[in-house]
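Quick one: the structure is below, and I'll ask about it shortly.
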Amino acid sequence: MGKPEFKSPRHRNALTKTRPLLKAKQGPVRSSANVRVVVRVRPPNERESGDNSRHVVKIVDDQVLIFDPKINSQAFFYHGVEQKGRDLLRKANKDLQFMFDKVFGYESSNAEIFESTTKNLINSLMDGYNCSVFAYGATGAGKTYTMIGNNDNPGITFLTMAELFKARENLQGERSFELGISYIEVYNEMVQDLLNPGAPLQLRDDGRYGVMVAGIKVHKIDNPDELFALLDKGNSNRTQHPTDANAESSRSHAVFQVYIQMEMKSTREVRAAKLSMIDLAGSERGSVTGYGGARFAEGANINKSLLALGNCINSLADGQRYIPYRDSKLTRLLKDSLGGNCQTVMVANVSPSSLSYDDTYNTLKYATRAKKIKSDVKKNVVNVELHVGEYVKIVEELKKELEKVRMQLTEKVSEKKVDSKLSIQLSKMIEDRKRLLDRMYNVECSENMVVLRRQLKEDADARLSGLLNATPDKEEAHRRLGNMVSRFHRQEDTLKTELTEIKLAKLDLETKTDELARQHPEMEKIVELANERLISTEKHYQVDLMQKKCSLLEEELKSRANLLEKTCKMLQSCYLQLRGHGFATDLMCEEYQSLVNHLQGRKNITWDSPIDSGLSSTSSVSSTDVEVRPPKRKLNDENINGLNHTFVMEPPKPKVKVCAEELMAKGGIDFLNAVITEIFYGVVSNLFVERNLYKTPNAIRKKRELCHAIKDKRARAVSATRVNAADLCNYNVPERDEFVTIVIRVMIKFNKSVVIRPNTFLMFFKNENRKEDVEQTRRD
Ligand SMILES: Nc1ncnc2c1ncn2[C@@H]1O[C@H](COP(=O)(O)OP(=O)(O)OP(=O)(O)O)[C@@H](O)[C@H]1O
């Protein structure tokens with residue numbers, strides 16, 4: 001499609017204004033554009049070629065013509081003398097110059113007209129702009145010839161439609177087309193469907209689509225043949241009557257409309273455009289028609305509508321707000337084409353002959369006025385069809401979305417049901433676990449109490465065995481206690497079995513609960529919470545159980561304390577009586593004293609052997625073993641009054657004497673070292689604890705040092721090849737007396753006497769003060 005040949009500055013402006021619109025992607029985009037006006041001067045017909053007429057239109061160039069130009073007339077002679085002035089008897093030439101967008105002369109073909117007018121409209125149509133072309137002119141001026149033409153010279157309607165199909169073919173890859181046509185005529189102010197002749201149709205104003213022909217049928221066309229067939233059909237139905245001016249005069253205004261809908265395949269943008277091609281009825285003066293009656297009325301109506309058209313054009317050209325479209329059916333129909341949303345081309349057809357002087361003059365005047373009309377052009381990108389299409393699509397999508405949401409909702413609901421089921425299941429499991437826990441606690445309580453009672457009964461039986469002689473009473477008591485113990489045992493067994501079952505069931509439920517949480521992570525938190533609660537409850541039960549056991553033991557302790565008190569009182573009484581009567585043996589006294597010591601929390605210290613005389617020598621240390629005895633204290637009679645008084649008794653003889661050599665013989669030097677080291681390590685720790693030394697920072701430091709020293713020793717001992725007891729003195733003990741105490745405690749703890757050679761022992765006491773102590777001890 002070629003570039004439009006706009007030459008006038010005005011139309012160049014119009015073009016530059018219009019071009020960006022064509023590139024616009026989204027619509028509607030508005031702009032104003034002038035009506036493009038071209039004038040076609042048809043060749044004079046036979047009648048006009050006679051002597052009685054002259055040419056009143058002179059085409060200067062392709063845009064300018066002169067109406068009624070001055071004629072270089074032959075010399076005017078008066079009385080044989082050539083006169084300088086004009087012939088005053090003749091009418092003066094108007095010699096009016098008209099300028100149009102294009103002026104076509106006699107030789108111009110319809111194809112040329114098409115090239116300069118409607119061909120460019122195809123681009124606009126493809127961009128979604130409404131376009132209209134109407135042929136204006138007097139009867140016989142060549143309107144129908146221009147619009148319809150003939151077989152040899154098809155009119156611009158055919159050519160435009162052919163171009164439209166060509167464009168459709170070119171653009172079919174990128175967009176889909178739908179084409180429809182309607183063909184109507186306005187005859188005597190009645191609208192007829194030329195493709196389906198019948199009753200007159202009514203015009204309706206539609207707020208959205210403008211003026212609509214009610215009941216008009218739009219024929220879908222797919223190819224040019226269909227179109228041309230319909231066009232032929234419509235033309236044949238058009239009202240024609242011969243007039244003086246035209247033997248085949250069209251007595252109606254014919255409106256051929258093409259509806260184009262395009263959908264962009266890539267963007268799915270829908271564009272719609274309407275092309276209106278109007279062949280107006282010819283204007284004529286009543287005097288010209290030469291007819292009266294029906295033809296005259298017909299002409300009057302034509303003139304009326306054309307007059308209304310002229311008024312509309314004038315109003316539009318003057319920029320008035322009110323345009324009298326409603327004055328005629330024709331102007332109502334052309335409302336869109338003239339001042340509406342339309343790119344309009346007006347082809348003004350004129351006869352060159354002076355026989356149509358006034359008609360031509362009027363046509364040229366109207367055409368000039370029409371040039372001033374500015375139409376409000378907008379691209380129909382977003383149009384009804386698009387909305388409908390979009391809405392259908394949106395509705396479809398919304399339906400899908402709704403369905404999806406419904407599905408999700410259903411799933412959610414079912415999920416919620418599952419959740420609810422799971423919750424119920426979980427709650428039941430947790431309740432069961434709680435019930436089991438309660439039962440377990442009760443059974444465990446019973447079992448613990450039974451065990452404790454059974455143990456107490458066994459203790460009682462043991463005590464009883466020591467207290468009673470082998471008498472029937474003892475046997476009876478023993479039998480009774482034995483029965484009770486047996487009963488407790490049975491109860492224990494039953495309870496233990498029950499407890500095992502409960503624990504298994506509880507474990508099973510716990511596993512199930514954990515499994516449930518694993519399968520349904522959303523339940524994990526709930527399960528975790530429930531577990532924590534159950535654990536808390538279980539701990540609470542355990543504490544409760546311990547308290548019960550403590551209570552029972554406390555009662556037992558009280559009972560035993562009571563028993564012990566009675567026993568001690570009785571023992572003391574017996575002992576004192578025996579002693580008073582001189583029946584108390586040494587052993588008895590010793591045991592009594594041991595008991596008293598025991599009750600006081602004191603322990604005996606057993607020394608290996610008496611220190612021999614050699615120990616008196618401070619300068620030399622004999623190699624003889626020594627037994628260090630605690631100072632022997634005399635029985636203090638003043639202190640005999642109660643057990644809480646101290647009795648000084650001979651320490652019992654050591655039961656076992658194991659010398660270092662024996663230890664070595666048993667396990668070797670390493671074993672001896674290990675034993676001693678471990679003993680020391682443990683004893684040191686215990687010592688500090690027992691003496692509450694750990695409470696002071698100084699003691700803690702000492703303990704640490706001591707422990708480190710022992711550790712070092714242990715480390716050294718492992719690698720030592722030869723160690724003896726003398727190495728004991730090498731310990732870096734901060735305070736010697738502490739160390740002495742340690743050694744003593746080792747002996748007590750193991751209930752053994754470690755034979756320490758005097759020289760070894762004395763090495764600890766190099767200090768003179770300590771040596772004195774030792775000597776004093778030895779003396780004692
Ligand atoms: N450019 C032209 N070249 C040759 N013949 C033409 C041309 N224009 C018109 N004619 C002829 O002039 C006659 C009248 O033309 P036409 O029927 O097109 O006039 P009209 O304006 O439609 O008249 P009416 O309004 O009465 O229908 C026709 O016979 C037509 O063939």
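Placed from the backbone N, Cα and C atoms, the Cβ positions cover glycine too.
Taken from TrEMBL, the feature ATP binding site applies to G137, A138, T139, G140, A141, G142, K143, T144. For 388-419, the entry in TrEMBL reads coiled coil. The compositional bias 'Low complexity' annotation in TrEMBL covers 613-625. The compositional bias 'Basic and acidic residues' annotation in TrEMBL covers 626-635. TrEMBL lists 34-373 with the feature domain 'Kinesin motor'. According to TrEMBL, the feature region 'Disordered' maps to 1-26, 613-635.
Please situate the listed features within the shown structure.
DSSP gives T144 (ATP binding site) a helix state.
Confidence across the coiled coil (388-419), taken as the mean pLDDT and rounded to a whole number, stands at 63.
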Just how many other Cβ atoms lie inside 10 Å of the Cβ on K143 (ATP binding site)?
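The Cβ of K143 (ATP binding site) has 29 Cβ neighbours within 10 Å.
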Out of A138, A141, which of the binding-site residues is least crowded by other Cβ atoms within 10 Å?
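Counting other Cβ atoms within 10 Å of each of the binding-site residues A138, A141, the minimum falls on A138.
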Near G142 (ATP binding site), which residues of its own chain have a C-beta under 8 A away, given they sit six or more steps off in sequence?
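Non-local contacts for G142 (ATP binding site): R40, R42, N349, S351.
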